[in-house]
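As structure tokens, the structure follows; a few thoughts come after it.
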Amino acid sequence: MIVHIPAVLNAEQIARCRAVMQTGDWIDGRVTAGHQSRLVKNNLQLPESSPEHQELGEMIVRALWHNPLFISAVLPHTIFPPLFNRYDVGMGFGTHVDTAVRRNLDGSLRIRTDVSATLFLAGPEDYDGGELTIEDTYGTHSVRLPAGDLIIYPADSLHFVSPVTRGSRIASFFWIQSLIRDKTQRNLLFNLDTAIMRLTEDVAGNPALVSLQGVYHNLLRQWAEI
């Protein structure tokens, strides 16, 4: 399930991210890549230990926990502290699958990566190329979103970033351990929750809505891993 979540960050927050990232000390992005990914990764990252990384990461996580669409689609258990990357002209990231388990720099946090996420901090007008292409059972999907928008997709998906041909592509990327490990179950719950919200707008007060909400929460209770 690939979901586009618009306007996770507002204009002021995007401007703050860009200002802070302009003064950051960028390093080779391969420092966070697995053995296989290291062979195809060519970008820059903010060091995880930098104050810029901590400030911006905390801002993004707060925004995510207050975003209803993100909560509904992901059902997050733990959000990995966001990382930040930059692709300049000629840089890209070949086809790969994200590492199944991620740990932070000091080893105090370890998560199962159920969902991958990219939060765009530069818009399509800022660069050419740099499309994020995700492969699933229905084919390939190429994504270039406005600054502040988020794309989420199953972490077991093959994906790649095309080389940038103009400008710089800056983004935050991170992973989420969901309450629901199985992506099929997670998708069913998201579709059910979406239908309930639409029915609430159209036929508020209908007793059947209470039954549907009960089905949703009982499935969540049965499948959730706390």
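Cβ coordinates are placed from backbone N, Cα and C, and glycine is handled just like the others.
Taken from Swiss-Prot as is:
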| type | residues | note |
| --- | --- | --- |
| DOMAIN | 78-178 | domain 'Fe2OG dioxygenase' |
| BINDING | His96, Asp98, His159 | Fe cation binding site |
| BINDING | Arg169 | 2-oxoglutarate binding site |
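Each residue contributes its Cα atom, and for the residue listed as '2-oxoglutarate binding site' and His159 (Fe cation binding site) those atoms are 17 Å apart. On the 0 to 100 pLDDT scale, the domain 'Fe2OG dioxygenase' (78-178) averages 97 in the predicted structure. Other Cβ atoms within 10 Å of the Cβ of Asp98 (Fe cation binding site), summed over all protein chains shown, number 20. With the fewest other C-beta atoms within 10 Å around its C-beta, His96 stands out among the binding-site residues His96, His159, Arg169.
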